[in-house]
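Asker: Below are the features I grabbed from TrEMBL:
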type	residues	note
DOMAIN	2-309	domain 'Catalase core'
ACT_SITE	HIS28	active site
BINDING	TYR292	heme binding site
Amino acid sequence: MEGNQKERRAISQIEEIFGEHEGYRRAHARGTGYKGTFEGSGQAMELTDAAHFRQAKVPVLVRFSHFSPDPTWADAMSPVKGMAIQFKIGPEEVTNIVSVTSPVFFTHSPERFMEMLEVSRSFQRGRPKLGELAELLMDFPEVRAMFSSVKKMTVPESFATGIYHSIHAFYFEKKGKRQAVKYLFEPEAGEDKRSLKDMKDLPFGYYEQELAERIARSPASFKLYAIIGEAGDPTDDPTRDWPKDRERVYLGRLTIEAPEAEAEQALYDPTVMTAGISCSDDPILQFRRGAYRHSYEKRIAENEGTKKH
């Protein structure tokens, strides 16, 4: 499949397996949107001239989400949570960071992703068959890294107390030099977590309600860091995490202040860059550009159709 055909086919596969849910994203379907600010630290200016990392505040849209493509799944069936940020760095310019509470993705190529979708059809109701899980682990060894990560992973008590990873690598660029980085968000409230077992009794919508009540009391904040890659650290494989001892540079403070409907509807394409930052050669990252765009266009058309009736 060439061009956008591959991405369109992947979206169709997701709909076939997890159902068509008009007006929702085809991944991370259920979420909640907020507005806030990002205040750059200026500490990365030797590496990049990116406007939002200077010592200045920029407005942001932030969407928290559950990873499931089905918005009816219980909170417990989506242990991985997401946080997408859109930085408004000019009147007509934005840039995005998409992050999740897992440091790795479950496959390294679009083709493998689509093969895995076919194996995963029993996930439709949120209860995968053990045989299909075993087949995934046998046929797709890269999935083991994701399952190993999830098995060890605890789940954030709140959207506001998770540690969020960009998964993909990017390049900071300045004066002809470039530096591979990954992004990491750490909650200023501290990492508050629960076990996967403890999640099963959570009511539907717990995370959205808890966050709304928390931010009604006071803003929630995160510190954003760039993890500095070294020689040999993979930039093209999101299934492989970088060593934990890598240098970190503090980029700034993200503050979530109030609910915002626009944030729930926005397109958070992780490949939308700004001067001083570029995408890596990660094929999954490039694949997400077309997949996100196609999902967005379908969602907007569906929502417009609903308004007309």
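Glycine is no exception: its Cβ is also placed from the backbone N, Cα and C atoms.
TrEMBL labels come from automatic prediction, so no person has curated them.
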Asker: With every protein chain in view, what's the tally of Cβ atoms within 10 Å of the Cβ of the residue listed as 'heme binding site', excluding that atom itself?
Answerer: 23
Asker: Just how many other Cβ atoms lie inside 10 Å of the Cβ on HIS28 (active site)?
Answerer: 24
Asker: Compute the C-alpha separation of the residue listed as 'heme binding site' from HIS28 (active site), stating it in Å without decimals.
Answerer: 11
